[in-house]
């Protein structure tokens, strides 16, 4: 469940950021499109990174084994 | 040109280069200069050289360029003089008159004045230093003579006293000898002067050899360096006096003096005369000094005046020179009343160019205005991206590989994000990210100040890439949080670790390990992993799979961009016989692998992915057994394998044949082409070279070989490029291991000694190692690897990069040029 919620947060951030560029820094359609592309790419990259790390830890095949010293 | 291409939706900034057009401008000769100057101010037109067959001397405005060159030379001379006088040309812009003819006269006058002043000054300086040297000789040699005289008189007195006082039995005989000695005394000549101290030893030796030891040389060091009258350089010197006998010896000595650059000065034995000449020389020196000082002040004032206006003049001359260079690229009309120019300009600038032309016509009181018309050509236009200070550096990263073909999809759009992102995957540490961010914020905050001044090579480069570094550091902070590393120390920022001991005693935590008791750590790597024995196997597996997933995504993006290119250029052949099979090939192998990775994570299956992938090729019909991840996997794999196998000939064969057919269709009706109408003939005369009509031969074998190479490259590339993305894993691992070594083996070790001195040393070493190795070297290597991933693995999927840059004739670009 937590995976979906965080993903939704990422989606929300991406959508809000790209909407904001249209509203706050309106510099014409083509410039806005460029800014939106940047934000969407950035969000996708960040989400992908997070999702990979999250998924990898979901069903662990290896568990942490503490070192002897500790 | 733009209208022949299809677009999808509204255009995006930076995604396609600006639409360009070839324009022809016909300018009346009387307003040509002003027109070109206005166009230079506008800076949106790249003139084509229409006189490329003419040598620079045959061109119309060769004399004017020569004049400008002469003026530039004078300005350089002024600059040199200013540098010698320790003045720097002031940047403040005093309004100088902008007339080039006046400036030419003025520069000529100033140069003549300065040259004369310099000549006079030099003469005076020479006299002055000669006098100073003379004075030194008088003093030093005088001292020497007087001391010798004193000792001589003392000796004589002693001798006399010996003669008178100590008359004994032995003395008379010696007395006799001494008297004869005195009578034999001959007249010795002497020469006095100065010689450079470093040459003095050699000087002495040569003198000794040349005269076979028959000279007596006396030297005295001058404490302070003296200005040499001949060279004008300050050097350390020795005063010397040479005693010799005979005319031949004198000649030899004079010659040696000349060779050694030893200046000789007249000197008398007479003490009275010496004193007299010293006062005389001192008087002259002070007189000359005042004259010299007055001259220097006058010269400095002149140079100061020049310096105030130097930049202005320099710019004016540069502009003028560039205007004439541009005018030389225009061709003279048959009637010799007009200049005809051709050049590229962005379509959006048409109005601005027309305005400039009109203003020039009005301002120069020309009866006819300049005419602007758009030409149609098959020549490929230059590539022009309108970048801002943020996107410039990213675009330069792309341009460094190759300038985009005209209107081809620009990878720069994605590079802005993916480049810093891939960098950060390798540089994930939010502590280091913050350091990098602070460093680059310094540049960004002081941007205005720093952009004006000259920086060193490395400073210049990092300053130019300040926004790239900013993005890199922001993403590093993000990936650092994901990796949960702050100078290699983990923090429980986003909740509690998901792992705990199996039982209360925690006995088997070092053998069996911990157990997952809560939901997965919500953001990033669980902090518990740090320092455990299974940390490396876990992180390696994670980072390796992550590299593949990221790589496959980025390569898919690249292939997708090739679709945008093909659809933009209306190239259906490329869509169906390049884009589609490429997409299928990559995804049926590595897309499938990515899917398996994700599946394995989601299901927690223990299937061996290496085994699955290898046996997918070796024996696709075998049962998967325990390695099966989903039902029907065998069938799916067979289908995928078939698709991959089919897509190879799909890429290879149809395209060359279709191209051949297209070419044949296009040239079927060629023999019945229309005769060119007479209206066009004039135009086509002037642009004959640029208006070639697609008569190029179609070499089928060449096209086929090209396609073969392309296919092989893609198929092999799919494997090697995916493997190449594993560098993300390797560098990320290296970074985290290095930083943990510095933390554990330097900082923690020093802390363990409980000694404040050792701790301080440890902190210093830790800081230096962090800055030197992690922040500088690792940044550099991660940068280079991200660069490679973009240039090779990403861009080779779609980017041609065989365009050429738009280089407009613009005064704004002149200022940066250095001679």
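Cβ coordinates come from backbone N, Cα and C, glycine included.
All TrEMBL annotations are machine predictions without curation.
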Transmembrane segment per TrEMBL: which of the ranges B:371-395, B:396-420, B:421-445, B:496-520 is that? B:421-445
B:336-359, B:576-599, B:600-623 - the range that TrEMBL marks as transmembrane segment: B:576-599
Looking at B:546-564, B:660-678, B:679-697, B:698-716, which one does TrEMBL call transmembrane segment? B:546-564
Under TrEMBL, which of the candidate ranges B:466-483, B:718-735, B:736-753, B:790-807 is annotated transmembrane segment? B:466-483
Per TrEMBL, the coiled coil among B:58-92, B:93-127, B:128-162 spans residues B:93-127
Contact between the transmembrane segment (B:546-564) and the transmembrane segment (B:466-483) is defined here as three or more C-beta pairs under 8 Å separated by at least 6 residues; is that satisfied? no
Integer mean pLDDT for the coiled coil (B:93-127): 82
